[in-house]
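Peer 1: Can you read through this structure? Questions will come right after.
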Amino acid sequence: MAPQRAVQLSLKKPTYAVCVVGVETYVDVHSDVPKGAETFGVSGSPGVEVFVIYDPARVTVPTGKTRWPLDANVDVTVSVDAASKDLHDLKVKVSYFGRQEAGTLGHSVLYLTAVDVSLDVDTGRTGKVKRNHDEKKTWRWGPEGYGAVLLVNCDRDSVVSAGPDLTNSQLATLDDLQDMSPMVLSCDGPDSLFDSHKLVLNVPFPDARRVGVFCARGGTSLEDYKQVLGPQRLSYEVERQPGERKISFFVEGLAFPDVDFLGLVSLSVSLVDTGTLPEVPLFTDTVAFRVAPWIMTPNTQPPLELYACSVVDSHGSNKKFLEDMSDLALKANCKLIICPQIENRNDRWIQDEMEFGYTEAPHKAFPVVFDSPRNRGLKHFPYKRILGPDFGYVTREILFAGASSLDSFGNLDVSPPVTVGGKEYPLGRILIGSSFPKSGGRRMAKVVRDFLQAQQVQAPVELYSDWLSVGHVDEFLSFVPTSDQKGFRLLLASPIACLKLFQQKKEEGYGEAAQFDGLRHQVNRSINEMLADSRLRRDSLYAQKCIDWNREVLKQELGLTEQDIVDIPQLFFLKGSHAEAFFPDMVNMVVLGKHLGIPKPFGPIINGRCCLEEKVRSLLEPLGLRCIFIDDYLSYHELLGEIHCGTNVRRRPFSFKWWHMVP
């Protein structure tokens, strides 16, 4: 409820005032009182509701409630429920009485003109604007929450626009209105009232660079819509036309939440009396919005599009790899999009360049690509080729230093939905690699970490990845969907599991079976040789310790048990002080539903089958998954990457609505 406006009465002449529908007006019955008056009576004309407010502990209610004591504990307010048809067409009369039963000692008359002023948005989060008096000024999380939502207008709906729509102060296409949240201003009342009063729309200075407002004037051409609030304009005098009762606005977000922006913005409208100097605001109505966050999608969400790059290097083109990706996409019923060499400038690491997510409001959702600050050959691909109609774009740049390997988005992942100690994370938790637990070292840029943290809905967890040469979390973990009650498994690279498997095969008499058998560019290593290689064992056990540290963090921060984790055989060797995969890193897979594109490990062949592949199949296929091993050795593994690094997947958004959670 809006704060009450006070109106002071006079015994000498009528008082004229403007009141707002649904807002109580305080009538001062104490300031100008006839001498000897001890009681008063108050009445209102049809359409005026009169309230006498008193303290029951101190005031005795008079018989018939007709004559109230002129006591400091008795006050009067009035309210109206409909706009006036004419000026001063509503009346309140106050009569004053003395101690005796004689007639009145005097009268005060108040003439009211009621105007209906209300600023309304989709506080109920239904996709439609409904009038609301009580809950529109604040914003509340949760299934019983309320408050309107803004989309950041970061797509590009018109092909003639140079950048995202949020950079334009003029509409380039009417389709852009679908990305904005509706807002309705009610402004009913006698037209003549607005000769001496005006309506002013305002945005607070801190919010002005984060929100834009367009006014709709009912037509179907672009000229019928103009931006009235935004970074360069903090207020707008509403151009109300005679007889106009409602005016429509469209509101866009201009910035995602970040370290200096909690995501909340407000807009207000004021009814201003222009007949006084200075001009006096008689009433202000305010609405609050929260800007929708950028949300990542985990491997457990169904795939929609698979991205890969066409490149040529000293081994030739990666045509065979792209054919394998095409077959995999066909099996998973998702679309394959190939970035040509002319656009990727021979940069194949498309996972490192960008991360697909989405943003959502009750009325609409669309995908948003987050462009990493690595800025290599694929630097322009997300902006030039992915940004488009209903496909948004966001980035964060490192201003005063170059990007490290940990700023690439192979070092950015997200878990499936989890519950940790009774706290639910229905959209999962973001995972990023860092230099923990050692001091110093490489860490993802603060500007990126701050952005991810500020979204609030996928609370980030920092893992230890700086032990790896490339330093990405996708080198030692992945998530896969399962059809059981848990719904997923965490896959972790495991040197111990690999050494145990090789020892088992040695004891079964297969010690001479060779790793890398069939690879022309790699020297074969028998199981016996690998088990006898003390340096390989030492390096792999060091990697195991690093992975085990992460294992405990993941169990604690994601609420996992050992039954939720699958150990995938993998060996590592140290190059300097950092580790690299000894053979193609099988957890660095692309997950397309139940179809897994796994780097072919070229493990020892036993009875015509790769024992590493057979082990992985035995671990994953009982979970309903299909393992498809793909040769990425020359085109990716030798360059310190694998299939996941060289692909990217856009996935279906969550059905769960982010505003229903409680961060």
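Using the three backbone atoms N, Cα and C, a Cβ is placed for every residue, glycine included.
What TrEMBL says about a protein is an automatic prediction, not a curated fact.
Pulled these features from TrEMBL for this protein:
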DOMAIN    1-113  domain 'Protein-arginine deiminase (PAD) N-terminal'
DOMAIN    115-273  domain 'Protein-arginine deiminase (PAD) central'
DOMAIN    282-660  domain 'Protein-arginine deiminase C-terminal'
ACT_SITE  Asp352  active site
ACT_SITE  His472  active site
ACT_SITE  Asp474  active site
ACT_SITE  Cys645  active site
Peer 1: To the nearest whole angstrom, what is the C-alpha distance linking Asp474 (active site) and Cys645 (active site)?
Peer 2: 8
Peer 1: Within 10 Å of the Cβ of Cys645 (active site), how many other Cβ atoms are there?
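Peer 2: Result for Cys645 (active site): 28 neighbouring Cβ atoms inside 10 Å.
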Peer 1: Distance check, please: Cα of Cys645 (active site) against Cα of Asp352 (active site), rounded to an integer number of angstrom.
Peer 2: 7
Peer 1: Enumerate same-chain residues with a sequence separation of six or more from Asp352 (active site) and a Cβ-Cβ distance below 8 A; give 'none' if the list is empty.
Peer 2: Ser372, Arg374, Arg376, Ser408, Phe409, Gly410, His472, Cys645
Peer 1: Quick check on the domain 'Protein-arginine deiminase (PAD) N-terminal' (1-113): DSSP residue counts for helix, strand, coil, in that order please.
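Peer 2: Summed over the domain 'Protein-arginine deiminase (PAD) N-terminal' (1-113), the classes give 3 helix, 52 strand, 58 coil.
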Peer 1: As a test of reading the model: what is the averaged pLDDT for the domain 'Protein-arginine deiminase (PAD) N-terminal' (1-113)?
Peer 2: 91
